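Trainee: To start, I am sharing the structure in question, which I have written as structure tokens.
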């Protein structure tokens, strides 16, 4: 019987598994394009163990355990039914093991990609061991089980069940357990002076000082000293084995590149992953932005910093996708009118980029996405040095948005709105993704270079909230992520989400997506909208059919434009102004106050947790080359399908 603490962290009992279907779009490619997609998919997935280790260094053994338990001696998926029979565990226990294994592979960790919280198997340790002992590779599997047992089941101390700063008791794959927040700041200050970006690094503290591990195929060390004399050693070659394999596949893809932009991008990728140079990766993104409307779209590297509590270090990811031309036409219409839509945002022209580079906006069908959790949309690159001059690419992932699972539940939606919600949630999400990703590419950042030159006129630019000249901006070597630290990723997502809420009610935007104004569906539940009052958005307590406490969400659709949008626009203006001026003090104060949880919301938590719906787990296909021809193999939407896909992925 699991303890009350352990019960809280049990894996979902019946997570919905969805197949990320892409075959029709893949089959529309010629074989050269398929080879390009194949090699870049391999390059992305070769970073699988990087993702696992960056989240939880102790989880790699669990990954190996799952693959060993469900593999036969020929390296293929074992006969799962026979394994269950040999183990003599109950069907429920065996299903719980399958669920845990599928969810682990979906998150590439025993920590959830959404929520950063640990989850543990529902199967007992005793039954788990019986299955391991019944596997064909039992000797290796049992050794891995005993190595991993504590990490699999231990939920004490409770703080360690969350990702975060080690000195708060949390877990981080980016820092050794003895690294403190002050350590991180002191090393970061030194790196800023060097103009060294830590995106592809991990920080460790030893008896001799600090070690900065830098992901690269090549190995070397450099000796440095902090201002206080503490030793800082740069150790290149972190994840060397994986980075070498990434490089091999990128090298192979160069011969099947479609044009010079792709070839130059691939060469910069190769150089970056070989040496650990972020400058080379930046250069790859410049070439990527110049590669407009390719048949196969791909991006790879250390991209998003959501899971580093400091917001400075990024997780490995890579995707390959094919263009959905019909859907892309809608987004192209959105892009064509981007300057008009951006001009409606609630800040003065001086706070918008000097030149609005019309972003490349594409609807893609994902073939491969090596990541801890597949998003519905992407706006990249994240380098402001690149995007302020060249803009960005906005990507909507169509087969992620449209993926459905049988038996989905929609708690808290009142009965009279349920049919409307079911009908419009995907169309509304499509509009939201489009305007959200467009929003990421907006807004100016004010900067000072190493010589003290400002990229704005201090006498002419007026702070819209104080009506005074600016008093803060980004100094040389600083970026938004580095200045705003741990809140930066969430802050920027909030800004983009608010932009979507401000823009999406406009008739001309809705018309682009083929919807009329009266067809608007649900908008994000935010405290800003509730604080707007006038009955715009309410959450009421009620009783469900079993007599248990529940909640009812009511949105007055007639007040979205008149009440909701002005409230969100006012909040959005503050978010943008504090971001643009590097005002981390006011930005943090605003964001902390707005995201704090009032007492009456704490009371609702138990109701929400009881009705929490498991997140979708996406099962992806694999590509193989047979006699020079590329074939795509897709798998069933189930835990077994997920396990088989990873066994055959060979990473």
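Any Cβ shown, glycine's included, is placed from N, Cα and C.
From TrEMBL, for reference:
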- 437: active site (ACT_SITE)
- 436, 440, 493: Zn(2+) binding site (BINDING)
Trainee: For the binding-site residues listed here, 436, 440, which shows the highest count of neighbouring CB atoms within 10 A?
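Mentor: The residue with the most neighbouring Cβ atoms within 10 Å is 436.
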Trainee: I'm trying to understand the geometry here, so how far is the Cα atom of residue 493 (Zn(2+) binding site) from the Cα atom of the residue listed as 'active site', in Å to the nearest whole number?
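Mentor: Just about 10 Å between their Cα atoms.
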Trainee: Across all chains shown, how many C-beta atoms besides its own are within 10 angstroms of the C-beta of the residue listed as 'active site'?
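Mentor: The residue listed as 'active site': 27 neighbouring Cβ atoms within 10 Å.
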Trainee: Beyond the listed site residues 436, 440, 493, identify every same-chain residue whose Cβ lies within 8 Å of the center of their Cβ atoms for the Zn(2+) site.
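Mentor: Along the chain, the qualifying residues are 377, 379, 437, 439, 492, 495, 496, 497, 499, 500.
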Trainee: Going by DSSP, give the three-state secondary structure for residue 436 (Zn(2+) binding site).
Mentor: helix
Trainee: Among all protein chains shown, how many Cβ atoms are found within 10 Å of the Cβ of residue 493 (Zn(2+) binding site), not counting that one?
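Mentor: Other Cβ atoms within 10 Å of residue 493 (Zn(2+) binding site): 14.
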